[in-house]
């Protein structure tokens, strides 16, 4: 096996040795027999003439112009809230008003939407309550325009990426036309959504990675540093919009590992120089993205400093920093003591406060005793008195009596302040959660039985340690049964006032459902401290926000009558999404990919696999190839291989996700599929044209095939463009509808 020639241009591509290693092989594999095995034509296969270099800027300008025209056409229509604009438009308003909220995605996309609205004159007062609400005088076009701008950039990004990988202008143009005339990409780019922002950074990262690979023969040059750094910036952007940005991080990571492994095998490269390559990538692809990603959250928490609808998802310590929250600028005793009046907040997302009221559990639901629930709002019925398990605390209310602090491992009673009943559990089954025990209020004026005893334990603390308000995470273990007090997260029926079920779980696995912290704390015998002393550090807030987002993502379930889908539906364009309107009189917009484009992409996946396997086998067998066919082989295996890997990384993980999924989740993978289509068909047409002897015939076949694909794509867009730009009138099932005959699948709903 030959070593790579020192100083050879690398360009990020795998090096392919010449047939037979560049020398004749002895024995039956060399000599005339090898010549007979070769399918090379005399003088090499005819090849369509390459377009002049001057055509490339003109082509880029053309596809960019068409992309912007298609995305900005009828942008203000319809003038009402469409689909998820109700979420992301509202979140943009929260940034303008500096109101804290919670979302399952990182903050960058919403921050940019809010910034776009602010700069375009939107004042943040529109409520975004539900789809169909009219914008009236509110300026919404700026936010839509920002998303359309980023969505328009996807076309030139894909064009430049394919051009760099294939060195073929027709392949790049075919990719651009696919994305320009895809109705799904147009629709997704025209509304206030995170998807165009995510795909902008995703494609920016891929383009920067490919450009950086092309500079591999001049490492540490200005252009090399620029593209490497820009790759890191785009990775941070993709991760900062949605967690699925991790997929492009993985793609770039695998490319980097391959690149470093290739460098390590270059014996002309000293280990010191290899170390510089490694440090440069650590700096630009790890440290820089992490710094930018962290900075996004710093800006997020700095801007959103007012209490809002997201408070309840976060810890009490975090809430104490929000202006307008009832914990802001409050002073309370720092450590718990017997006789203290407290509220307890469950640490699960939206877990609520430990709560009770005079109402009893109904007949047939465990013991007919006083209900204990978790309530999401502040209320006097959330107050509990901490007592010793073996004595009353009436004497502790005497100002002259000594203060006795509650410590980790103590056995206590919790008496409900309003009803004087003790927190109680027994082996009756919980109302909703099977195999969990019921939790009730029991006793008269604080007098109950041994089922009222609970052991209080602080996570990560030793016996005897004091318990701190806000910061200590505690669990209450029922002394008699050994179960742990927790919130199941399930909503009780109307007899439970639709509050959250509280149970005692016999399963000792530590989860946020079974952890609590003390929030309000009243004890006149103890000195108060400002809650600012207990405020969490930025690192703690950053960690907490990610834990809340991860739990929120995993807990996403479909709403009533909501259209969801499965990953296998997506490549076949099985079912779309209604963005606007349902009835004949409505202005209807339907998110569905251009069927011709999507099915062409689907067929191309199989076609590429066939071509790639054939090419790999041909090279492995040492068949002699002309320089043109060698270049086509490099494009297929290296360029197409990178794009295929990107498609796999952005598609296959959804099969393993337990959360609710929607059709629009496929669009990042669709970008890779479209680029692969451009590369594959360009390669196939060149290969077919290469076996036609007269160059004029070859050019006609190649040009005719390319033109036929483009015309097919444009005609299909002409048929289906109302899906993106709006339909009014009869549904497609009506013969009088302008979309009549175009409902090719029964699952399409337009």
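Note: Cβ is positioned from N, Cα and C throughout, glycine not excepted.
Residues annotated as compositional bias 'Low complexity' in TrEMBL: 1-18, 41-53. Per TrEMBL, region 'Disordered' is recorded for 1-53. Taken from TrEMBL, the feature compositional bias 'Gly residues' applies to 19-30. Annotation comment: TrEMBL describes 100-121, 141-162, 169-191, 225-258, 278-299, 596-615, 635-654, 661-681, 701-720 as transmembrane segment. Annotated domain 'MIR' per TrEMBL: 333-389, 403-459, 464-521, in sequence order.
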Exercise. Between the stretches 100-121, 278-299, 596-615, 661-681, 701-720, which one has more Cβ pairs under 8 Å with the transmembrane segment (169-191) than any other?
Worked result: 661-681
Exercise. What are the DSSP helix/strand/coil residue counts across the domain 'MIR' (403-459)?
Worked result: 3 helix, 29 strand, 25 coil
Problem set entry | Stretch with greatest number of CB pairs under 8 Å, the transmembrane segment (661-681) reference, 141-162, 225-258, 278-299, 596-615, 635-654 candidates | 635-654
Exercise. With DSSP, how much of the domain 'MIR' (333-389) is helix, how much strand and how much coil, in residues?
Worked result: 3 helix, 28 strand, 26 coil
Exercise. Counting only residues 6+ away from its ends, which parts of the chain sit with a Cβ under 8 Å from the transmembrane segment (225-258)?
Worked result: 12, 105-109, 194, 197-198, 200-202, 204-206, 208-209, 211-213, 215, 280-281, 284-286, 288-293, 296, 549, 553, 642, 645-646, 649-650, 653, 665, 668
Exercise. Most CB pairs under 8 Å with the transmembrane segment (100-121): which of 141-162, 278-299, 701-720?
Worked result: 141-162
Problem set entry | Positions on the same chain near the transmembrane segment (141-162), where near means CB under 8 A and six or more residues out | 59-60, 63-64, 66-68, 70-72, 75-76, 89, 92, 112-113, 116-117, 119-122, 168, 171-173, 175-176, 179-180, 185-186, 188-193, 196-197, 199-200, 203-204, 206-207, 210-211, 639, 671, 674-675, 678-679
For this session: Run through the domain 'MIR' (464-521) and tell me, per DSSP, how many residues are helix, strand and coil.
Result: 6 helix, 27 strand, 25 coil
Problem set entry | Across the domain 'MIR' (333-389), average pLDDT on the 0 to 100 scale | 90
